[in-house]
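Here the structure comes first, spelled out in structure tokens, and everything after it is commentary.
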Amino acid sequence: MHISKILLLFPAFLASMCDAHPLAPYRTFEVLPSAPKGWEEVAGKAVDLSTPITLRIHLAQENVPQFEKALIDMSTPGHPSYGNHMNQAQIDDILRPHEDTAAAVKSWLESKGFENDLTFKNDWIVVSTTIGKAESLLQAKYKVFRNSETGKNVVRTLSYSVPHNLHSSVALIQPTTLFGSTSAMKSTILKVEDPSVLKPAFFSKSKLEGIDAACQSSITPECLADLYKYKDYKPTLTNNTLGVNGFLEQYAQNDDLSKFLKKYFPTAKNVTFTCTPINNGKCTQHPSEDFTEANLDIQYTVGASNPIPNIYYSTAGRPPVVDLDPNTNEPYLEWLEYMLNLSNEQLPQTITTSYGDNEHTVPQSYAIKVCNMIGQLGARGVSVLFSSGDSGPGDDCTAKDGKKRFVPTFPATCPFVTSVGGTVGVQPEKAVSFSSGGFSNYFERPDYQESAVSSYLSSQADATTFKNYYNASGRAFPDISAQGSRFHVFVRGFDQLVSGTSASSPAFAAVISLVNNDRIARGEKPLGFLNPWLYTVATEKKGIVDITSGTSRGCSGSIVGAGWKATTGWDPVTGLGTPDFSILKDL
């Protein structure tokens, strides 16, 4: 399997080769040639070495290929293990770091005088210290960097080292080199419009059977129900919930949801959602403030899935923009640690997230750690969806080294995520120009998509035209797509139109939640990790509508003609296509 090669980038513990002496010579563990684009060192700004910092040292896990194989098997239709999801104790038994791994790292830390400053978790160690002591421990130099977009300052280092004998024992140490994107963790909302200026802008004016012609110009819950063929399905209450992730101090508003449902889904006018705070997150209700992202997500998951319970997970932390605070709470890790500590009965069966970073702004060790944890959610029966992004092949298409390259989006590139691109119009439904897609520079292409993606690469002119700008062996994204343009959303009490793949991910997640509801009602298991199932049903031409028109655009003119065309089969704009619930629920 290709994914095993990816995850084996986690340093595997090699007991027979590892010198356990804690004072072995240091070797660079991770280095950045410069601060990521959008960040610059603040000249003359000294770091107070007495500033407290909390380091988290993640240990290398054992048996990653074994876990990966189990995840793929339980997610592949027709396999004897299909649907046999695990609990966290079973996963921990497989992945738990070797006792010698923890002992070696602990010995190193104690030799540096940290014996009273350590807290031990399942596969990581917390070190409570100061920046000065962290610099000595990691042979690093912390500096102050400023974000050119927000003006915020952070304390980070461009490199750090650990004893060479521990390179196979350590997976990740943060906060060190994690800067994130130029606007912190970005929502993928693209555009907000006033619905009073609507024009029937898209395609033919003739009516598509069963779909209101108004859906050509803007999207409501009824449009999605008609288009994706779940209008006549009535969910029953089962042990099935739908989760929505919220970051960046975005809080879903009950008042706006009530107004939205009253206008667009009156039979559910009294329905609400549960808010769960994570990492000191909040469930603030301020209907006069602009919470467009949160309202978009919750209004369209509730509007499609009622009466399935919806949970809004409000995670604190805005990576990495905190004034001179080295203790950045990274929302992805905080969220994942919280979720993995829940029992299977407490987990949602489907969860959607509309946030992401340019892949190259995230250290590869960190990206792999997050991806592995998402895979653990999949193994526990949770379908994890992320929007693909809103910049086509990339925004300005400048790589970490300054060269012109297409820029993929993380976590959409994680092989254990179902990445959702965007479409527009209903006659026909076509790729929307901003839908992000392409190929990862961090993760190799997994076997489940090898056939579909290889077919695209060998047959499409775009693949040849832009061959110098992307990694042809990388994990390809998106996997799937859904409507992403001009969604009616209530914000601060008023109806407005919102565009972006931030709309696409909750729209597709709602369909998956309905499929899970139907499966559970029949006594079957929820889908869990979706991608092997999706690529199987697409190959069999069941339940996925292929999108064959439309083109993405990006790179702000820095790469002439940059973009991907939608075509027959998988493509880097719409993935495999859009869902047909009436078929998917019976597969």
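Numbering starts at 1 and runs along the chain as it is shown here.
Placed from the backbone N, Cα and C atoms, the Cβ positions cover glycine too.
Positions annotated as active site, charge relay system by TrEMBL: GLU293 (among others).
Marked as active site, charge relay system by TrEMBL: ASP297 (among others). Residues within less than 8 Å, Cβ to Cβ, of ASP297 (active site, charge relay system) and separated from it by at least 6 positions along the same chain comprise VAL244, GLY246, ALA252, TYR312, THR352, SER354, SER502, PRO506.
Counted within 10 Å of its Cβ, the other Cβ atoms near SER502 (active site, charge relay system) come to 31, all protein chains included. Marked as active site, charge relay system by TrEMBL: SER502 (among others).
Residues or ranges marked as Ca(2+) binding site by TrEMBL: ASP546, ILE547, GLY569, ASP571. A coil conformation is recorded for ASP546 (Ca(2+) binding site) in the three-state DSSP classification, outside any helix or strand.
According to TrEMBL, the domain 'Peptidase S53' annotation covers 218-587.
TrEMBL lists 1-20 with the feature signal peptide.
In sequence order, THR423, PRO428, GLU429, LYS430, ALA431, SER481, ALA566, ASP571, VAL573, THR574, GLY577, THR578 are the residues of the chain that are 6 or more apart from ILE547 (Ca(2+) binding site) and have a CB within less than 8 Å of its CB. Note: the Ca(2+) site is recorded as ASP546, ILE547, GLY569, ASP571; in the same chain, THR548, ALA566, THR567, THR568, TRP570, THR574, GLY575, LEU576, GLY577 also have Cβ atoms within 8 Å of that site's Cβ centroid.
With a cut-off of 8 Å between CB atoms and residues at least 6 apart in sequence, the same chain places ALA452, SER455, TYR456, ASP546, LEU576 near GLY569 (Ca(2+) binding site), listed in sequence order. The average pLDDT the prediction assigns to the domain 'Peptidase S53' (218-587) is 93. Using a 10 Å radius centred on the Cβ of GLU293 (active site, charge relay system) and all shown protein chains, the other Cβ atoms total 24.
ASP571 (Ca(2+) binding site) falls within a strand segment according to DSSP.
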